[in-house]
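So that you can see what the record holds, here are the features copied from TrEMBL:
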ACT_SITE  C94  active site
ACT_SITE  H129  active site
ACT_SITE  S146  active site
COMPBIAS  364-377  compositional bias 'Basic and acidic residues'
COMPBIAS  412-427  compositional bias 'Polar residues'
REGION    218-238  region 'Disordered'
REGION    358-386  region 'Disordered'
REGION    412-434  region 'Disordered'
Amino acid sequence: MKSLATIRAIVEELAPKNPYTGLKDLPEIPRPEESSIPRELPSLQQIPYVQNVLNMLSYNFLPQTFFCLEKHRSLDSIMLTSKEILAEALPIRCLEATFVGLYLTHGMKGVDRIPLSFKSRARGKSFHHIVLVIRCDLLYGALGLSRRSTLMDKPMMYKNLFELIMEYKEQYEAIGHQLVDFKLGLCASHESHSRKAPCWRYIAVSFAKWNSPLHLTSPHPSDELPTSENSKVSSEDGCAEEPSVLANVSNLLDRYSELLTIISAQYEKCTTPFLHGSTRESHPICLRDLHEMEETTARQENMRRLEAICNGRLPCLVFDVGTKKRAASRSTSKKRIETSRKTATVTRTSATKCTAAATKKYSKKDIPADGQKETQHKQSQMEQEQELQQLPLVMEHTSSLFSSLALSGRLNNSTSVTQRSERSGLSPSKRHSLPFLENRSNEFGSLVSQNSDSWGIPFLPFDVNGVNFHDLL
């Protein structure tokens, strides 16, 4: 087999001899376009059009790639690489196809995108492959590219994850590969311009006969299994997995599918934006990607996660910072309310005591005795009786004055009864029955007019002839 340097030399020699150089009217190279996907259709019906775009890009069989293959970076950066792939329209491999699949399905309603990676062995070598699992309307399928058409995409027809993975397992065995393990990530975010890195490997499950189904073979894709005679598996043994192992895997995947949405939401809340060169130690270990841990730590953490999922429990009981702050604020407010209530109770108690003490003092010093109350009441009654006795004497001395005033014409009787009643608002009969002295507060001192020597009378009856003023009292 010729070396890579020899192949490059031949390519450089043939490049100037390109027969199509300088020719006109050459056919346009077909380029994939995002507009070819009918976005007005339901999300489930758009998936085949997305795979057509990937097929148009074709698989890259060259020894080198044309684009950045770093997947442990922010989702926003992966989207930029996907746009570059569509613009250049160069051949790609399985990982770039996953990037483009994430970009073309971004924003689809009701669609979950789950990374699924495989590790297989054949002829003593390890091979790695990745596809993008699509979950929509309770159906499962996959998007991707591969050298083998049977390991590429899968239609949206599988009822659960176990059926989909078993389909890939059968296709691996059909080409002579032993499927060692598979790794599942979390749902990729649909948030625009997300600065958080997707979780590519959250759990790892082994299919090897000598291993437990809940065992992590290797968290890193570059690690290879030992190639000794004891570790090699023949094709006959590879097809004879115990039914209990497959039953455990089926149960595990069913539980994982149920908890996947909750775990993905916790991952989005608790993780921080991705920064190049930064460590992920600040993230909770229960939400870290297995690739970010050391191999020993990754094995232990993977076992813990798988045991929790098999028992139907969440492997990550983590609350976001906002929840902690709200809980702390609620507890603080409760303490404040309790403190204010205690203070108000103490204040009321002290006020009650002070009022009781003041009442006792007042009852002893200020409140008069019963005998004093009776004496004061009798004195007020005697004063009122004396005033009533003096009232006829006053009227006797003033009656002659009223009659002389009436005869001298000082009393104006020309006003009609109707006008007098309108001014005073009372009828003549009621006015005759009222006393002419309306104000007794000044002990009849107001009857003397300051401007004249005559007496000021508030009002008099209409006809004063023959009226006895003693009857008006």
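Here the Cβ of each residue, glycine as well, is placed from N, Cα and C on the backbone.
Features as recorded by TrEMBL, highlighted on the structure.
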residue: C94; record: active site; CB count, 10 Å: 21
residue: H129; record: active site; CB count, 10 Å: 24
residue: S146; record: active site; CB count, 10 Å: 17
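DSSP classifies S146 (active site) as coil under the three-state reduction. The secondary structure of C94 (active site), as reduced to three states from DSSP, is helical. Separation of the C-alpha atoms of C94 (active site) and H129 (active site): 7 Å, rounded to the nearest whole number.
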